[in-house]
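**Student:** Below is a structure I'd like to ask you about.
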Amino acid sequence: PALGARRAAAADPFLPLSAREAAASEEGRQRTLTTLLEKVEGCRDLLPESPGKYLVYNGDLVEYDADHMAQIQRVHAFLMNDCLLVATALPNRRGAYRYDALYPLDGLAVVNVKDNPPMKDMFKLLMFPESRIFQAENAKIKKEWLEVLEETKRSRALSEKRRLEQEALPRPAPLPPESTNPFEEEEEEEEEEEEHSSEEEVVDLSLEWIQELPEDLDVCIAQRDFEGAVDLLDKLNEYLGDKPVSQPVKELRAKVDERVRQLTDVLVFELSPDRSLRGGPRATRRAVSQLIRLGQSTKACELFLKNRAAAVHTAIRQLRIEGATLLYIHKLCHVFFTSLLETAREFETDFAGNNGCYSAFVVWARSSMRMFVDAFSKQVFDSKESLSTAAECVKVAKEHCKQLSEIGLDLTFVIHALLVKDIKGALQSYKDIIIEATKHRNSEEMWRRMNLMTPEALGKLREEMRSCGVGNFDQYTGDDCWVNLSYTVVAFTKQTMAFLEEALKLYFPELHMVLLESLVEIILVAVQHVDYSLRCEQDPEKKAFIRQNASFLYETVLPVVEKRFEEGVGKPAKQLQDLRNASRLMRINPESTTSVV
């Protein structure tokens, strides 16, 4: 039976080979490899024939999805002395295969997968940047695969070690131990011996951990043990130190550098926005810290900030716009500024020793603020919310922005600069509404006293005027529920003071002239109407009533506006003072029909 099995193997190279059959002659192995190249489509160019390459083992396997453990496809794997070829069966062509993947043994790690019925007889192959799970036909074949893979990898590493030792042979042999005695040798010979021993130390790469280093790095990378990989690199760098670089060391460095590139790539991928953004800034700490250890702090900084920008953008986009605008703005500010604060603190932790990265963070923070303001303005200003709602929303944003001062980051000026255009537009728009309303009331002006009918209504008006800052309103109230003022002037007072209060919530220095000019424009509409009416009215009683309204505007309302403006802004406004002083001209020549303002 054993003889029959060997003949079958010779007749068909794609039958599984046992360990004994793997020890066939060099010529037989070469013939087997040639047959393989003919049977697998698409691999001839990728797998050229070479004198040292031969087939070690092969067999059918079933591939499973690593995440969901669902069956993917049936494959045939071919293990050669230096690589593993995976091929898929061609439909309707028995014994024919199509090339799928080729993995050098240097970068391949094999991991046994414990049986967990119904999933059993499986093993995992790890190779950057992926891993694949295969199922053998039974436990015996799985065991053979694991053994032959490990044995072939060891043989490959051993032959590589021998090659390195062979290349190191031409080196001068070290002097005999007794020659190290400085009392028996000349000083010149002693120096020469030290040079030789130093050179011997440089090329001594036969230590087991150094021989296994490339493979250990592959396993660390495949298993996402980033810290372990960088620890191994640090150990090697410490071992080699400042020693002169010989040819074997160069070759080792070349192998290690390839792994460093692989490790860098996988760390970069870990920080890419394509990865899950859950877990907040701390989730990136592992990858960032290892990139910094690899001397890639600039790249780590760039990728960290790009990752956080994507996370902030996603968080803002996922916020549901529902209910009142102010409620949405509270949520938006909480999500954005909390994320910004967390990112800043994580940045300070990760890049504490890299002062050069801080400017990049400031640039990133400004860019993120622009993204926030876009979402903010779209909801608050584009939807034409009332000025009071807009003012409340801006106040909330400014209060959240102040939280960043806890970590020494003041972005208030940035949010001002980004919002100034929208706020300016909102102020001017609301100013136009007030002016139109005032003009409409002026057109219907009858110059009659107000009769509020009930004490409750009068009490409510008193409270409203008090909240506007008009403390001497009682002197304008008459008997019963009468008010010795025009409805137009009272409505103007309430609307103007409400505008000023909301505008002061929105105020910052860049808006000073916009607010001031808007106030002056609003006030002029009222005082010009009163002045004109005073000059044109012929009825003595009505004229006295108009003068009383003019006195209320100039001596009560305008001083209150000036005082409140100065309190809110921090300095007086000459334009408002000049407007109030214009009343002197009216008192000097009240009969003039020429405008005084």
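From the backbone N, Cα and C atoms, a Cβ is placed for every residue, glycine too.
Positions annotated as compositional bias 'Basic and acidic residues' by TrEMBL: 157-168. For 183-201, the entry in TrEMBL reads compositional bias 'Acidic residues'. The feature domain 'PH' is assigned by TrEMBL to 54-154. Per TrEMBL, region 'Disordered' is recorded for 157-201.
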**Student:** Quick one: mean pLDDT on the domain 'PH' (54-154)?
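**Tutor:** Summarising the domain 'PH' (54-154) by its mean pLDDT gives 85.
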**Student:** What is the three-state DSSP composition of the domain 'PH' (54-154), stated as helix, strand and coil residue counts?
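**Tutor:** Here the numbers are 19 helix, 54 strand, 28 coil.
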**Student:** Do you know the DSSP helix, strand and coil residue counts for the compositional bias 'Basic and acidic residues' (157-168)?
**Tutor:** 12 helix, 0 strand, 0 coil
